[in-house]
Amino acid sequence: MATNRTFTMLKPDSVEKGNVGAILEKITASGFRIVAMKLTHMTLRDAQEFYAIHKERPFFGELVEYMTRGPIVAAILEKENAVDDFRALIGATNPEDAAEGTIRKLYAASIGENAVHGSDSNENAAIESAFHFSGREQF
Ligand code: RTP
Ligand code: MG
C-alpha cells in the first residue's frame with residue numbers, strides 16, 4: 001500500500017474532557033505522521049457544509065450543534081493505507097460497538113458524541129483536508 005493521507009477532527013467533547021494529548025499520542029504511536037494540525041472552532045455554516053451528506057438524517061441538527069459548541073482539533077495524517085487504518089484505529093461510530101482499544105471505545109460517550117472523525121475515502125480525505133487547510137499549512 002502506498003503512503004497516503006487522511007483527515008481527522010478531535011471533536012468538541014475530546015477538547016472539553018482534556019483528551020487531546022492522549023488521543024494524539026495514540027495516533028502517532030500507531031504510525032501516523034501529523035502533516036497539518038490546528039485548534040479551530042467551526043461555525044454553524046462550516047458544520048452544515050462539512051456534514052452536508054447527512055442533512056436529511058434525523059440527527060443532523062444535533063450533529064451540527066455538537067460540532068459547533070466548542071473548538072476542535074483538525075489534522076491531516078499520513079501513513080500507508082491511511083484512510084482504512086485510521087477508521088480501524090477509531091472504531092465503530094457507536095462506542096458500544098467499537099473494538100477494545102479503539103479511540104472511540106476509550107474516549108467516546110455515545111453514538112452522537114463520539115470523540116473523533118475519520119475520513120471514509122481517499123476522495124473525501126482530500127475534500128475535507130482542503131476544507132480546513134490551505135496547501136501552505138500542509139507539511
Ligand atoms: P465521522 O464521519 O464523524 O467520522 O463518523 P462516522 O463516519 O463513523 O459516522 P457517520 O455515519 O458519518 O456520522 C457522522 C456523525 O454523526 C453523528 N451521528 N449521530 N445520533 C445518531 O444516531 C448519530 N449517528 C451519527 C456522529 O457524531 C457521527 O460520527
Ligand atoms: Mg462519516
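The backbone N, Cα and C atoms fix where each Cβ goes, glycine too.
Long-range neighbours of His117 (active site, pros-phosphohistidine intermediate) (same chain, six or more residues apart, CB within less than 8 Å of its CB): Phe7, Thr8, Met9, Lys11. Among the features that TrEMBL reports, active site, pros-phosphohistidine intermediate is placed at His117.
Per TrEMBL, ATP binding site is recorded for Lys11, Phe59, Arg87, Thr93, Arg104, Asn114. Here the Cβ of Lys11 (ATP binding site) has 24 other Cβ atoms within 10 Å, regardless of which shown protein chain they belong to.
Look at TrEMBL and you will find 3-137 tagged as domain 'Nucleoside diphosphate kinase-like'.
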- Task: Check the binding-site residues Thr93, Asn114 for other C-beta atoms within 10 angstroms of each C-beta and report the one with the most.
- Result: Asn114
